[in-house]
Amino acid sequence: SSAKIGNGYHRSLLLRKKANRIEFRVQLCRIYQERGVSMGRNGIGSTGGKKNGAGQFFLATLLLWLVSVVFEIVFNLRTELLWVICGGVFFQLINWVVRSWISRDPLFVNTSVSLLHSIITSASVVFILLNQYLAKGLDEMFDHSELVGGSWKWAYPALCFSCGYFAYDQWDMLQYRLYSGLIPSILVHHLVLLVCFTLALYRNVTINYLILTLICEMNSIFLHVRKLRRMAGIRDSNTGLVKLEWVLNWIAFVFARCIPHILITVKLIKDAHKFGKGVELPLALSGMVGMNILNVGLGLDLFHAFRRERSAKRNQENINHHNHGE
């Protein structure tokens, strides 16, 4: 009888593992459906062989951007821009490592690399700001001439490195079609960032302003963690880890994304008369208006996601209560 019990337990364990694999696949399908990514015969994230006009357009703009950067480095001897290439190559190498050793799922790989970028960028920005605060103090740090014409120590390489990441991420999303819609907002977002960052790097202006905008990557850490957590099947909002994640997510959203971007916009408007007649002010203002609009959309998405998880929690509690009552 002990052998039968052992066999029964073994079969039960196998069935449980199979059910967990099926549940993980279902959850992964839901995440891909939210992102509009297909899961056809050609593999997860495949385009299914269909041509995509938006993808071709953004691929062409990415290639033009790369040609422009290489031209500046080779013919204008802008060797400081090599940090852009280093950033792109570094994150592509991390992509290959994750794909080879952890998972081949394109969305998981992309999100994992994005998480690493957010961590590196957040640490870099905090280091740069603390270094400048100790060296110059707040008043001199945030003086108009310092923000527009100056470049804090390590700010230029950090901005280049982050620019390289956005180029890599654009390529990765295009390669595996990790976007949706006729005009994919994520591709537009990356294109706008590449244009703004690159123009600033070419002209060596507003470098410090752009470093300040990257404070929002502290919030992106928790956004990427949430996505990876859901992909791993951890969706129980009752757990302390998930509750802590939501608390940190909202705190970072307000204090590392919304407030800094609003303050930067106010500073630009306040110092508008100090700008010259170039494109710096219109470009900076339009960029910050766009970021603030994106923040509103992101906040609404977060709120709806929070409500969905709370609703799922209440439904599960009702089911458990009903089963217990029976």
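Each residue, glycine too, has its Cβ placed from N, Cα and C.
Listed features, source TrEMBL:
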type: TRANSMEM; residues: 57-75; note: transmembrane segment
type: TRANSMEM; residues: 81-102; note: transmembrane segment
type: DOMAIN; residues: 103-320; note: domain 'TLC'
type: TRANSMEM; residues: 114-134; note: transmembrane segment
type: TRANSMEM; residues: 178-201; note: transmembrane segment
type: TRANSMEM; residues: 207-225; note: transmembrane segment
type: TRANSMEM; residues: 246-269; note: transmembrane segment
type: TRANSMEM; residues: 281-306; note: transmembrane segment
Considering the transmembrane segment (281-306), which listed stretch of 57-75, 178-201, 207-225, 246-269 counts the most C-beta pairs under 8 Å: 246-269
Model confidence over the domain 'TLC' (103-320) (mean pLDDT, whole number): 92
Distant-in-sequence neighbours of the transmembrane segment (57-75), which means Cβ under 8 A and at least six residues beyond its ends: 81-82, 84-85, 167, 170-171, 174, 184, 187, 191, 194-195, 198, 202
